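The structure under discussion appears below in the form of structure tokens.
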Amino acid sequence: RYFHFCKLPGRVMGIRLLRFTSVVILVLLLVAGALTALLPSIKDDKMPNLRREPKTQSQSALGSFTLIMQTYNRTDLLLKLLNHYQAIPHLHKVIVVWNNIGEKVPEEMWNSLGPHPVPVVFKVQTVNRMRNRLQNFPELETKAVLMMDDDTLVSAHDLAFAFSVWQVMFCILASSICELQLRLVVLIRVIVYSFFHSGYLEDFQRQPEAVYALIDETQNCDDIAMNFLVAKHTGKPSGVFVKPVDIRNLEKDTNSGYSGMWHRAEHLLQRSYCVNKLVNIYDGMPLKYSNIMISQFGFPNYANHKNKM
């Protein structure tokens, strides 16, 4: 009896533990059922798509920008850059100015790699001109324009920061349609890394014919002409230097073997010639000196293109 009496408390504890465990399991099942009921139902014909979906085009015109990129004989680099810039915040659309006369645009190949978050529009040109990129494209729906070259890669962080600076400065200074242009590099010759107001493209269509003739003659200096236009319109320096952290030239990575025009021995002489000619055309020098530079405080030295593409 004594032995049997000692085992009785153990049996009671075992029964209590079993009941407690059963209650815990039941509670967990009830919680799981409740959470499952909160999930949205998915029908068989509406399975989720794990691929990147296009962005809705309802973005505010003031809260986004359009990238214009002119390309010539660098299709391999173009596709890499288009893929890279798909990750840029606030990018509304990409307009590719296709200067490869007589060659088919790689639109079918690009679309086969989609869907893409940001739509890409290919604008086929009939003549290979440097100023083709300065057209007032009907597809342009945003106030802000980012103009870049087809052999240069800038990090998403740098472009997002530069666009935020453009937004702030534009809101402070804008008293008419165009008041400020922000450059991403220090030299006047590189409008191809610039944020500027889309209204300047419309203004460019009304410049003296001598300006267009000069650009076509040299296949150069369209960026200088735009800086003249901005400075003459605003009476202020044509740009603010936004210092990039990660920017690299990919010209050596192309398979075409085509070298940019800045390699030509006469390139800098042509640009000096253009400045003097534009001073005569505009009856004076509108460009003003500015040493303003904006940089990111504490920005790390890395970006989304650090690894080899």
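The backbone N, Cα and C atoms fix where each Cβ goes, and this holds for glycine too.
Heads up, TrEMBL stuff is auto-annotated, nobody curated it.
Features of the protein shown, as given by TrEMBL:
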- 65-167: domain 'Glycosyl transferase 64' (DOMAIN)
- 193-299: domain 'Glycosyl transferase 64' (DOMAIN)
- 20-42: transmembrane segment (TRANSMEM)
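Break the domain 'Glycosyl transferase 64' (65-167) down by DSSP state and the numbers are 34 helix, 28 strand, 41 coil.
Confidence annotation: the domain 'Glycosyl transferase 64' (193-299) carries a mean pLDDT of 84 in the model.
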